[in-house]
Amino acid sequence: MGSVVILWGILSLLSVSFIIFDWPQAPIDTTMHMAFLLVTIFMGPLGLVLYILTVREPLPGTHRQYIAPLWKQAVGSTLHCVAGDSVGIIGAAVIIGLFHSQHISMILNLFIEYVAGFLVGWLIFQSLFMKDMVGGSYLVALRKMFLPEWLSMNGVMAGMIAVMVPWIRLHPAAASPHQGEFWFMMSLALIAGAILAYPLNWWMVAAHLKHGLMSTEPQTTSYEEHVSNHSQQHQHLAHNHDASMSHNMNGHQTQHRKIWYITMWSVGILAASLGAVFI
């Protein structure tokens with residue numbers, strides 16, 4: 001296990017270094033750059049793979065078209081969520097681990113990490129950093145980003161619980177941040193969390209409830225291309241998150257009902273994860 005942990009750490013360091021030096025090749029906003037850095041620090045080489053596949057410009061002048069596909073927009077939304085949640089979750093886990101986590105029940109431990117992850121993700125990464133996307137008001141951002149962050153957080157935590165709880169039961173020393181195994185476990189747990197959170201974020205981006213990726217590449221001079229790019233990158237903002245009560249294209253189902261379904265899905269996978277490891 002020790003050699004695997006060391007190798008993972010080396011690959012993570014190289015991946016983070018690549019993103020730092022490659023910064024100009026991904027004309028995205030600073031918040032998303034920092035999100036990719038954090039994700040790569042915690043998720044290792046997988047973060048670099050996602051960076052290359054989703055935001056690294058392959059040819060000059062093609063970035064807006066390159067990031068336009070919905071699956072890439074959903075990856076950006078997921079990683080932005082994971083970056084914020086991971087700071088809170090891992091930060092709480094480190095503090096608990098330093099203060100003798102064996103005296104705290106696993107359930108309480110997870111609850112503290114869940115609350116910390118949600119608050120950091122909601123108050124800072126979603127609302128503070130992205131408030132300009134909803135008119136510049138922090139209070140408005142708090143209101144509008146509460147549900148999307150909570151839905152996504154449930155997916156992240158569900159994946160992390162499924163990895164962390166069995167791992168710590170088998171290797172109690174992994175609960176200590178002094179051990180390299182702790183960081184390796186957290187990396188794999190975050191990867192699992194991102195996998196479960198991705199479908200939730202895909203739906204929310206498609207439903208204009210969350211932002212995706214946006215390019216800082218200069219606009220083209222063509223009016224038609226300008227309109228096309230604007231529509232691709234800001235359609236969810238035009239709705240200003242108030243489309244939650246509108247009808248879908250077929251008029252058979254309201255957005256409100258869709259939100260109810262995705263909420264049940266989000267809560268369901270979290271409940272299933274908890275049930276799988278504790279029952």
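Even glycines carry a Cβ here, placed using N, Cα and C.
According to TrEMBL:
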- 6-23: transmembrane segment (TRANSMEM)
- 35-54: transmembrane segment (TRANSMEM)
- 71-210: domain 'DUF4396' (DOMAIN)
- 74-99: transmembrane segment (TRANSMEM)
- 111-130: transmembrane segment (TRANSMEM)
- 150-170: transmembrane segment (TRANSMEM)
- 182-204: transmembrane segment (TRANSMEM)
- 259-278: transmembrane segment (TRANSMEM)
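Summarised as a single figure, the pLDDT of the domain 'DUF4396' (71-210) averages 93. Here the transmembrane segment (111-130) has Cβ contacts under 8 Å with residues 31, 35, 80-81, 83-89, 91-93, 96, 104, 138, 141-142, 145-146, 148-150, 152-153, 156-157, 160, 211 of the same chain, all six or more residues outside its ends. Counting Cβ pairs closer than 8 Å to the transmembrane segment (150-170), the top stretch among 35-54, 74-99, 259-278 is 259-278. Below 8 angstroms of C-beta separation, residues 31-32, 34-36, 38-39, 42-43, 47, 50, 53-55, 67, 109, 112-122, 124-126, 149, 152-153, 156-157, 160, 175-178, 182, 186, 190, 193-194, 197-198, 201-202, 204-206, 210-213 of the same chain, each at least six residues beyond the ends of the transmembrane segment (74-99), sit close to that stretch. Outside the transmembrane segment (6-23) by six or more residues, the chain places 33, 36-37, 40-41, 44-45, 47-48, 51, 56, 180, 183-184, 187 with a CB less than 8 A from a CB of the stretch.
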